[in-house]
Amino acid sequence: MRHLLSAADLGRDEAVALLDTAETMADTQSRAIKKLPPLRGLTVVNLFFEDSTRTRISFEAAAKRLSADVINFSAKGSSVSKGESLKDTAQTLQAMGADAVVVRHWASGAPHRLAHAGWIAAPVINAGDGTHQHPTQALLDAFTLRRRLAGPDGPIGTDLAGRHVVVVGDVLHSRVARSNVDLLSTLGARVTLVAPPTLLPVGVESWPCEVGYDLDAAIDAGPDAVMMLRVQRERMSSGFFPSEREYARAYGLDAARVSRLGKHALVMHPGPMNRGLEISADAADSARSTVVEQVTNGVSVRMAVLYTLLAGGPDGDSTTSPGSGPEGGTTP
């Protein structure tokens, strides 16, 4: 794997290998000293053209826990705000010796352009591009599902075959929905999208999933997890739904709907949440909720991605294992 640009680029075995590596990383993060040596001497650049809190901090934590140096670049206040192009920015990073670039961009396809235009030699990781893809979010969601739903033998080596995940809400503007449909279906899960017709994209019938319009019917189908999507009001003008109150009534997950879920069903949300709109406070804070766990797992998953791309991964040419060295001790 040279870059991570789209969840659709991952095959089943490749995805499972990343998730297994993330399990190893997660095990090391329970230690008093969490820092590991594999990326010592390498520089990871977080190149963010859109505002972000969780994703940027998560990538920064992941890189630093692998001993990489991190440069955080924000478009605001930089030469980009003065009109510098993506090409010029990339060539500047190349000249400075960036070993990996994590990019978030408002334009769909920008990370792919950066990776394949020949402007930079470093691996590129897509941290979200427009309404297109967010592959590490899909990986951390799959990691959370696999870990929480694992059988007695644990999650290592397993996929999500036979599981049913319902994804609810603003699919039209959601790169998380697209990435999860791609990855979860690759891992064998059945995925159902539930949204008002106005918040479904053109061509959704060609996606590897089912589509419905009734949240209550989807809950009654007994899914293993319900993933709520943030209503992205900043990407909307008007007319997508009659009112926020009506949206919450028809498509919001509240305590009553949570109570009808199966005994082991999970409540997920990629964050940030609009409490009281797509999810109630009771649902978000319930024992079924994995919202905080997803944030924790995001660091382990992003460590696995950086390790795989920059250190050769568990089956690559690197002679350094994730848990070796003075900072980390030995791999458990």
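Cβ atoms are placed via backbone N, Cα and C, with glycine included.
The following features are taken from Swiss-Prot:
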- Arg54, Thr55, Arg104, His134, Gln137, Gly271, Pro272: carbamoyl phosphate binding site (BINDING)
- Lys82, Arg175, Arg230: L-aspartate binding site (BINDING)
- 312-332: region 'Disordered' (REGION)
Gly271 (carbamoyl phosphate binding site) to Arg230 (L-aspartate binding site) - Cα separation in whole Å: 7
Arg175 (L-aspartate binding site) and Gln137 (carbamoyl phosphate binding site), Cα-Cα, nearest whole angstrom: 9
Listed binding-site residues among Arg54, Thr55, Arg104, His134, Pro272 whose Cα sits within 10 Å of Arg230 (L-aspartate binding site): Pro272
Greatest C-beta neighbour count within 10 angstroms, which of the binding-site residues Thr55, Gln137: Gln137
Fewest other Cβ within 10 angstroms of its own Cβ, chosen from the binding-site residues Arg54, Arg104, His134, Arg175, Arg230: Arg54
Binding-site residues listed as Gly271, Pro272, least Cβ neighbours within 10 Å: Pro272
In three-state DSSP terms, the structure that Pro272 (carbamoyl phosphate binding site) belongs to: coil
Inter-residue C-alpha distance, Thr55 (carbamoyl phosphate binding site) and Arg175 (L-aspartate binding site) (nearest angstrom): 14
Largest CA-to-CA spread of carbamoyl phosphate binders Arg54, Thr55, Arg104, His134, Gln137, Gly271, Pro272, angstrom: 16
Nearest-integer angstrom distance between the alpha carbons (Cα) of Arg54 (carbamoyl phosphate binding site) and Arg175 (L-aspartate binding site): 15
